[in-house]
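> Quick one: this structure, given as structure tokens, is what I'll be asking you about.
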Ligand SMILES: NC(=O)C1=CN([C@@H]2O[C@H](COP(=O)(O)OP(=O)(O)OC[C@H]3O[C@@H](n4cnc5c(N)ncnc54)[C@H](O)[C@@H]3O)[C@@H](O)[C@H]2O)[C@H](O)CC1
Ligand SMILES: [K+]
């Protein structure tokens with residue numbers, strides 16, 4: 001089962017992996033033609049009419065018409081050729097013209113009449129529908145429903161929302177739906193046969209985090225301050241750079257505000273790295289149990305807490321982490337030494353844990369050199385602990401025990417100290433406004449892509465702080481990609 005947002009991501013990932021949408025359209029059209037053949041008796045003189053809209057749903061049907069050469073097929077385009085909205089649909093329309101297929105165009109609803117036929121291919125609208133069907137689609141849908149013909153719908157019945165199954169006005173009632181790649185939630189209750197057609201999207205487009213995944217974080221142009229969340233980093237004591245890097249990374253990754261709760265001994269140093277950080281002092285040299293009430297209070301204003309950067313592993317600090325998690329029920333990225341308490345803590349918080357492979361093993365994970373094997377072990381530990389894991393490596397593995405994604409950006413220059421703190425901060429910003437798997441997957445992709453950009457630019461010898469400048473470009477620099 002796949003949502004239309006996720007389908008769009010997978011589609012863009014397929015293109016990034018060398019399988020462009022026009023190729024998928026060819027497979028879609030072929031699959032539609034196969035389904036249509038099940039319903040046509042050519043010997044009996046059966047006729048097929050394709051009713052196509054101006055988007056890619058129509059484009060699929062232009063392809064289908066080519067694959068149905070041997071039958072009597074008429075293609076009706078709702079609109080003029082200049083109204084076709086995408087290049088690939090237009091190219092397939094042009095191919096029908098060049099091949100002198102039987103095609104017609106319809107200007108408005110009064111011009112629509114369904115040619116005599118036995119099978120109708122409904123390709124007016126697919127996942128691109130918004131709101132109730134307008135004209136001439138609404139009239140066409142009523143005419144199709146009234147006709148005494150078998151109706152094969154392309155992807156989804158026109159007018160039906162693929163995610164909800166709802167129709168805001170009239171919608172086509174098909175006999176058969178040919179949907180692509182995976183079942184859609186909105187088709188489960190449709191009273192028709194549903195065929196799921198494999199259109200050649202590589203598994204890698206689902207498994208690997210690729211450019212298409214950035215669609216999940218694209219920002220609406222009417223966004224407001226406050227839409228992108230507040231992050232609270234709890235870190236520092238023995239170290240100062242780690243919490244500062246995480247806080248700055250959260251800001252670079254688009255958090256509206258980044259707070260850093262850190263021991264008084266290092267608070268000024270942490271503040272000195274970046275004036276935009278809001279530093280909250282905790283009395284003393286280390287984070288300890290006596291700070292937990294103050295931390296829980298600070299966390300009330302945060303959409304996500306990043307727990308761990310530079311905290312150290314002293315017993316008192318780990319007791320504080322444990323006590324914090326026992327009372328906290330929000331979202332937290334857990335990194336570095338704070339990971340030690342995760343396997344046996346009793347918490348209502350939703351955790352995104354970011355161990356490297358040594359920390360993963362210490363948490364109870366089974367090590368494996370082969371990333372496929374490791375992905376299975378990550379999935380099973382995530383399920384056991386009821387957390388989301390992002391296990392860092394040449395292939396980063398993200399899993400909540402159910403959905404598992406693998407990231408391949410990054411390079412050997414990133415083994416230097418501090419890159420994990422940047423990753424934790426980026427994940428904190430993303431987890432403030434997205435689910436844990438999306439935050440971990442996109443966070444790993446962005447952090448690695450930032451590191452790749454730095455190394456492309458200046459070669460090895462990368463500093464963790466170099467990543468900070470590149471994070472925004474890695475996230476939004478290629479929005480049209
Ligand atoms: N990987 C894939 O998912 C693939 C999907 N394919 C097919 O592409 C369609 C989705 O195509 P898209 O161009 O995004 O949208 P539509 O064709 O569904 O519609 C866009 C078109 O419709 C107009 N419109 C929107 N709402 C209405 C309305 N209420 N009334 C009238 N007109 C409306 C809008 O203005 C646009 O012009 C998917 O379903 C698959 O069939 C690919 O071919 C293969 C890969
Ligand atoms: K359709």
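Using N, Cα and C of the backbone, Cβ positions are placed for all residues, glycine too.
Dumping what TrEMBL says about this protein:
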DOMAIN    7-207  domain 'YjeF N-terminal'
BINDING   56-60, 126-132, 155, 242, 310, 356, 421  (6S)-NADPHX binding site
BINDING   57, 122, 158  K(+) binding site
DOMAIN    208-478  domain 'YjeF C-terminal'
BINDING   420  AMP binding site
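Show me how these features fit into the shown structure, please.
When pLDDT values are averaged over the domain 'YjeF N-terminal' (7-207), the model yields 96.
Mapped onto three states, the DSSP output places residue 356 ((6S)-NADPHX binding site) in coil.
Secondary structure from DSSP puts residue 122 (K(+) binding site) in a beta strand. Counting every protein chain shown, 32 other Cβ atoms lie within 10 Å of the Cβ of residue 122 (K(+) binding site).
In the three-state DSSP scheme, residue 420 (AMP binding site) falls into the helix class.
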> At a 10 A cut-off on CB-CB distances, which of the binding-site residues 57, 127, 130, 158 has the highest count?
158
> Helix, strand or coil by DSSP: which one applies to residue 127 ((6S)-NADPHX binding site)?
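Its secondary structure by DSSP: coil.
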> What other residues of the same chain, not counting 57, 122, 158, have a CB atom within 8 A of the CB centroid of the K(+) site?
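The answer, listed by sequence position, is 51, 52, 53, 58, 123, 124, 125, 126, 153, 154, 155, 156, 157, 159, 172.
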> Please report the three-state DSSP label of residue 57 (K(+) binding site).
helix
> List the binding-site residues among 57, 122, 158, 420 whose C-alpha is within 10 Å of the C-alpha of residue 356 ((6S)-NADPHX binding site), in sequence order, or say none.
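Qualifying among 57, 122, 158, 420: 420.
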> For a Cβ distance below 6 Å to any atom of ligand 1, name the binding-site residues from 56, 122, 155, 158 that qualify, or say none.
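Passing the 6 Å Cβ check against ligand 1: 56, 155.
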> So what sits near residue 59 ((6S)-NADPHX binding site) in its own chain, CB-to-CB under 8 Å and at least six residues off in sequence?
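Once residues fewer than 6 apart are set aside, residue 59 ((6S)-NADPHX binding site) is near 25, 29, 52, 84, 86, 88, 89, 92, 93.
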> Find the one among the binding-site residues 57, 122, 158, 420 whose C-alpha lies closest to that of residue 130 ((6S)-NADPHX binding site).
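Among 57, 122, 158, 420, 158.
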